[in-house]
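Structure record follows, encoded as structure tokens.
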């Protein structure tokens, strides 16, 4: 047991690549700051989510501090296949983090897509798409230092204005042994502009490893459309799953059973109130009136939320 990782008994490690060889589109829960933690991963796995990512963890902090390991990463034996996403800018630091996590997770992902200013100013996230040699080096290092051949090493990127540069980055990563690449179909500058699915398709056609499409997928129908548009092997969803954790199971909006499941899982995991409440606010966004939201969104304790759900929805 590595100091500072909370983990229940033996984890059933899996080979995430098996999912990509199944012939089905792989349905993936994105790394989301604060949100894609163990309790939420447990929920979406109940509703046909194939693969989950942790929120992004800064590799240097994770390696340096047992306290960071404890607060940033928790798992259990049902939480597989699981990918731990790291922010890193040095090959050896990423390797050290991967080595610590290896007994508890099925792979790591290098974040090359986060467009937030703090990440870019620290040399993390989306600025790495402009450093293909460094990305290649980091992937190759992890590949050579982790003994387990089933342990996946993936990257998540944004696209360049000049797509040839993105294809070059992807081909370099593939040559270094990357398992798959998730492509968010926007550039660093783009926030709410339409996603360039055509770019994802070009990348897919240029590669022989699996490609995952990411960006603006809100429903199962969207996921199917994006698969057809891009020919991607998987789809990764962030906000769509927050709004409807049962989306991959084909529900148009969050079913009450899913809200009930969230309450049960969150209480069992001791989820902090703010996180518990925020998830419910997202889930109930489409199914509550403006008036109900006004009341529900300002509740300030678990017991108040439970009373409200019981009184209004019989949850």
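Note: Cβ is positioned from N, Cα and C throughout, glycine not excepted.
Here TrEMBL flags 29-292 as domain 'DUS-like FMN-binding'.
Sequence-distant contacts of residue 239 (FMN binding site), defined by Cβ-Cβ distance under 8 angstroms and a gap of at least six in the same chain, are 218. Here TrEMBL flags 31, 32, 33, 85, 184, 238, 239 as FMN binding site.
Here TrEMBL flags 114 as active site, proton donor.
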Round to a whole number and give the Cα-to-Cα distance in Å for the pair residue 31 (FMN binding site) and residue 114 (active site, proton donor).
10
Roughly how many angstrom lie between the C-alpha atoms of residue 238 (FMN binding site) and residue 114 (active site, proton donor)?
13
Find the longest CA to CA distance in the recorded FMN-binding set 31, 32, 33, 85, 184, 238, 239; express it in Å as a whole number.
17
May I ask which residues of the same chain, at least 6 positions away in sequence, place their Cβ under 8 angstroms from the Cβ of residue 32 (FMN binding site)?
55, 238, 242
I'd like the Cβ neighbour count for residue 184 (FMN binding site), meaning other Cβ atoms within 10 Å of its Cβ, all protein chains included.
26
Out of 33, 85, which of these binding-site residues shows the lowest number of other CB atoms within 10 Å of its CB?
33
Around the C-beta of residue 238 (FMN binding site), how many further C-beta atoms are within 10 angstroms, looking at every protein chain?
21
